[in-house]
Structure formats: C-alpha cells, structure tokens
Amino acid sequence: MKSELINALSRAEIDAIEAEITHLPDRKSAAIDALKIVQSQRGWISDDSLSAIAKLLNMSAAELDGIATFYNLIFRHPVGEQVILFCDSVSCWLMNGEKVCSKLQRTLGIQHGETTADGQYTLLPVTCLGDCDHAPAMMVGESLHHDLTVDNIEAIFK
Amino acid sequence: MTQSPLTRNIQGNGPTDILAYEASGGYLAARDNIGKADPADLLQLIKDSNLLGRGGAGFPTGMKWSFVPPADGNGHRYLVANADEMEPGTFKDRLIMENDPHQLIEGMLLSAYTLAADVGYIFIRAEYHLAIARLRSAISEAEQKCYLGDRILGSKYSFHLQVHISAGRYICGEETALLNSLEGKRATPRAKPPFPQVSGLWGRPTIVNNVETLCNIPHIVNHGANWFKSLGKGDNAGTKLFGASGRVKNPGCWELPMGTSIREILEVHAGGMQDGYMLKGFLPGGASTDFLTPDHLDLPMEYEAIQKAGSRMGTGLMVVLDDRACPVGMIANLEKFFARESCGFCTPCREGLPWVQGILDKIEAGHGQAADLEVLERQALFIGAIGNTHCAHAPGAMEPLVSGLKYFRSEFEQHIHDGRCPYAGES
C-alpha cells in the first residue's frame with residue numbers, strides 16, 4: 001500500500017500533507033488542505049490523486065470527492081496554465097460585465113468551463129471579487145484586472 | 001482624536017508595516033491590556049460600546065461574546081476572523097486587510113484575550129492574494145515583536161494566529177459553514193443550537209467575527225465606550241465602511257459615521273449618478289438586502305432605520321440600479337448567483353432557487369406568462385420563511401426578489417405583456 005501511495009503522490013506532497021495534519025485534531029480535517037497541496041503541484045485533482053489522498057487521510061474516496069466537488073476552486077478536470085475567474089455578480093453585471101465576458105469568450109474561442117486549444121487558459125465564472133468600484137473585474141491566475149470594457153479586454157491576452 | 005479610526009492609516013500609499021502601525025498608536029491597547037486587564041472588564045467595555053457586528057446581521061458583539069462559557073482548561077478555544085468577503089457588491093474588508101493588516105491582528109489579539117481563546121484563524125477567500133500575502137507578513141512581524149505566539153509581551157497569555165485560505169464558495173461566509181470548511185468538510189451550515197460559542201470548531205467554544213467588527217476593538221479599548229458611541233450620528237455607535245457601486249460617478253468605499261444619510265453617501269461621496277443615468281433603486285448592503293428607491297434617500301444608514309423601511313443595512317455597501325439597466329435582468333442575475341451558491345443541503349433552497357431563477361430568465365427572455373408572478377410570490381413565501389432552512393441563504397435570496405416585485409412590478413408586467421425585455425440594446 002505504501003508504494004501505491006508514493007506512486008500517486010510525490011514524497012514532497014505527502015510530507016506537506018503530513019505537516020498540515022500535525023496541526024489538526026484528526027487526519028480527515030486536512031482534506032481541503034491536502035487537495036490544495038496536490039492541486040498546487042499538478043494543476044488539478046485526478047481520480048488517482050483523489051484515491052491516494054483519501055487513503056493517506058483514512059477516508060473513503062467518495063467522501064473526499066464529495067468535499068472536492070463542493071468547492072469551486074478545487075478542479076476535478078484538467079485546467080489551463082492560468083485560470084480566468086470572470087466575475088458574474090451584480091455590480092459587474094450592471095457595468096456591462098456580460099458583454100465584456102462575451103467578447104472575451106469570442107477572443108479566446110472558449111465558453112465558461114472550457115480551456116483554450118493551446119492549454120493556456122481556462123475560463124470560469126466567479127462570485128463577486130470584491131472590486132466593485134472598478135467593475136467589471138476578473139482574475140487571470142493571481143492577477144486582478146478591472147475597469148474592463150469590450151475595447152480593452154482583448155489587449156490583456158496579447 | 002481621529003474620527004476615522006478604521007482608515008486612519010489608509011492613504012493609498014501601500015500597506016502599513018508594524019513600525020508605522022505602532023507610530024500611529026497601534027498595539028498600544030495590546031501593551032496596556034494583555035496580561036494586565038481583567039477579561040471580564042474588557043467584555044463589559046465591548047458590551048457598553050454597543051458595537052454591532054459589521055458582517056451584515058448587526059448582532060451586538062458583546063452579547064455574542066457573552067455566550068462563550070468560562071474557560072474549562074480542557075482544550076482549545078477559537079477566535080475566527082471571517083475574511084471570506086464575497087457578498088456581491090461588497091469590497092470593504094479587503095481595503096483594511098491590504099492596507100492596515102496589523103489593525104486586524106491587534107483586534108483579534110484583544111478579542112482573543114477577552115474570550116480566553118488560544119488559537120485564531122483568519123478565514124480568507126483564495127482570490128484575495130494581496131491581502132493574504134500582507135496578512136502573513138504582518139503576522140510574522142507581530143510574532144517577532146511578541147504580540148503573537150507564546151507568552152505574549154511577557155505575560156502568561158498565549159495566542160497563535162494563522163491565515164486559512166478557502167477553496168471557494170460564497171456559503172463559507174455563513175459562520176457555521178465556515179467552521180465546517182475549517183474542519184476540512186463540505187461547507188454546509190449547521191443546525192443551531194448548539195451555537196458556535198458553546199460548540200464550534202471541533203466541538204470547542206468558538207467566536208466568528210467579521211474583519212471590520214474586529215478592527216473596531218483596539219479603538220474601543222483605547223478610547224472607551226462613550227467615545228465610540230459619540231462617533232455615530234444617531235442611534236448606532238461608531239463609524240462604518242460604507243460604499244457604492246454601479247453607475248455612480250465615483251464608486252468607492254468610505255469610512256463615515258453610523259447614521260450618515262443615504263443621500264450623502266450616494267450624492268456627495270459617490271458623486272451622484274453618471275451623466276445620462278438616473279437613480280432607479282438600490283440594494284443598501286449587498287445582494288441579500290431588499291431594494292430601496294429614491295424615496296428612501298434621506299434615511300440614515302442605521303440598522304433599525306433601514307429595517308423599518310423594509311430592508312436591511314447588510315454590509316453597508318450599496319449596489320445602485322440605474323434607469324437604463326433592466327430591474328428584471330438584475331434580479332435574474334442575483335437569483336442565478338443565489339441558486340449557484342446554495343450548498344444544497346436544505347430542499348427549499350436547493351430546489352426553490354433554481355426554479356425562481358428559471359422563471360426570471362424566462363420573463364427576461366420574453367416568454368413569461370401572467371401566472372409566473374404568482375408563482376414567484378408563492379415561492380418567495382416558502383423559500384423566504386425563516387425556519388424552513390438551516391441558514392439565512394434562502395431567506396436572503398428572497399429579499400431582492402420580493403422587494404423587486406413590489407417596486408418594479410409594472411416592469412415585470414411589461415416584459416410579460418410585450419413578450420420582450422424593454423431594455424434590450426440599452427446600456
């Protein structure tokens with residue numbers, strides 16, 4: 001069982017997860033941290049990764065998948081190099097956010113939930129980014145872009 | 001004495017480091033009180049200050065704290081800062097965390113000392129990268145100066161604070177959902193009682209407070225309850241981070257006295273409407289508050305006054321509806337958000353919100369029928385009833401719908417009668 005674990009998770013990933021567990025009252029409590037650790041290395045959580053993490057935490061894969069699929073920032077499908085989180089909440093909607101997002105979708109040739117053919121970008125909607133005084137707003141990777149218009153959105157991806 | 005205690009260090013020139021924070025009077029309350037003051041006196045002070053929770057519900061902070069049982073020495077006691085700012089239209093806590101992170105740390109330290117909590121978490125949404133980096137760096141500065149960690153400032157009191165980065169979902173802002181998420185579980189709200197004060201994180205006594213609430217604590221400790229009460233213009237104590245977004249000339253967030261009029265916020269601070277746009281209505285404090293209209297402009301932003309007008313002050317950050325945006329479309333956008341962000345545990349919320357969203361989308365697309373409005377009203381009664389669901393997500397979702405049907409009913413009827421959205425092609 002030990003070798004099976006190491007095949008699916010790297011030693012560094014296991015060490016990082018074990019380090020989280022030391023701060024917690026039980027192994028299961030590290031579930032979300034463990035998913036984030038593995039995702040930070042691999043970009044997403046494959047079925048193999050999910051099973052390996054579940055074993056490491058003494059829980060069933062089904063229970064862990066229930067947690068993984070609950071959270072919108074845990075990805076159970078491969079994503080692009082950078083994830084675009086485009087705000088679709090009310091302040092951005094009032095400031096023309098839908099039209100700007102449509103323009104972005106035409107520019108990149110993808111809809112919400114899709115990844116560009118070159119594997120560079122995945123587009124997802126997100127709840128209010130807390131940047132409403134500069135609506136519409138989106139995050140590309142860790143960078144916040146705001147005051148978006150149908151005229152300036154294209155240049156961000158050139 | 002500053003009348004803008006929360007934003008005194010925020011001038012748009014980068015974050016306040018520990019030296020600048022101390023130079024502005026920061027950590028004075030900590031040095032004067034940790035290991036010296038009687039926690040019972042501090043609790044009484046917070047009760048006397050009439051501080052109300054700034055996360056949206058406006059519950060008295062001192063009363064919330066008073067439900068924590070006395071320390072039993074049997075394990076950890078937790079203080080959690082709710083930094084999961086995700087209420088649509090709200091952008092206040094980010095301002096403090098990015099620009100004056102030590103204010104939150106000192107607020108948490110004093111609060112934790114009052115509550116005899118030994119472990120603290122700042123539960124923050126993952127998208128707030130800059131705030132996360134600045135909080136972590138501030139925590140490490142505070143640890144080096146003995147404001148955090150073991151035996152703080154040479155006293156017997158220890159408090160360990162860490163940043164916990166969320167994995168997403170709006171519902172994590174609900175305090176018991178937040179606790180489940182901190183425990184590594186799905187973020188479904190818990191049935192109450194028991195309340196978190198008695199049985200919170202891993203079954204131990206836990207207090208969850210909003211960032212802005214906690215940031216008020218050092219100032220109350222330094223200057224007293226009467227000073228804090230005198231900051232408000234009317235019935236409510238203190239200052240508040242108010243703001244506006246939408247088609248106003250100068251959208252933003254400002255620290256103003258509690259009780260500042262809506263008119264002053266929208267016309268003076270936000271600069272009024274952009275040229276070519278008229279004010280049609282607004283949500284006073286985020287997505288889950290009822291619409292108000294230009295008739296309400298002279299109301300003070302205070303919990304009771306806004307409640308009497310049929311809404312809630314919520315987070316105090318207003319979302320402005322202009323005359324060229326479709327109210328039906330705006331409400332459809334809000335209900336799409338609420339439907340998506342339901343945790344799915346309680347049936348009225350999980351099943352009812354998508355139903356409502358579908359009807360609104362249909363009306364907006366020009367396929368509505370007269371009977372749809374009755375269905376919406378009936379649904380609002382079931383979904384909105386307190387007690388049908390574990391948490392306030394579904395009742396909150398019904399606030400903009402019910403008030404929208406009241407104030408903009410003729411627009412709903414016009415969509416249905418004409419078979420199209422009259423605003424199509426606008427904006």
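Quick reminder: no glycine exception, Cβ is built from N, Cα and C everywhere.
TrEMBL: automatically predicted annotations, no manual curation.
What you are looking at is a predicted structure, and each value in this text was computed from that prediction instead of being measured.
So that you can see what the record holds, here are the features copied from TrEMBL:
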- A:Cys87, A:Cys92, A:Cys128, A:Cys132: [2Fe-2S] cluster binding site (BINDING)
Cβ-Cβ neighbours of A:Cys92 ([2Fe-2S] cluster binding site) (radius 10 Å): 30
Intermolecular Cβ proximity, binding-site residues A:Cys87, A:Cys92, A:Cys132 versus chain B, under 8 Å: A:Cys132
Among A:Cys87, A:Cys132, the one of these binding-site residues whose Cβ has the fewest neighbouring Cβ atoms within 10 Å: A:Cys87
DSSP three-state assignment (helix, strand or coil) for A:Cys132 ([2Fe-2S] cluster binding site): helix
A:Cys92 ([2Fe-2S] cluster binding site) in three-state DSSP notation: helix
Cβ neighbour count (within 10 Å, all chains shown) around A:Cys128 ([2Fe-2S] cluster binding site): 28
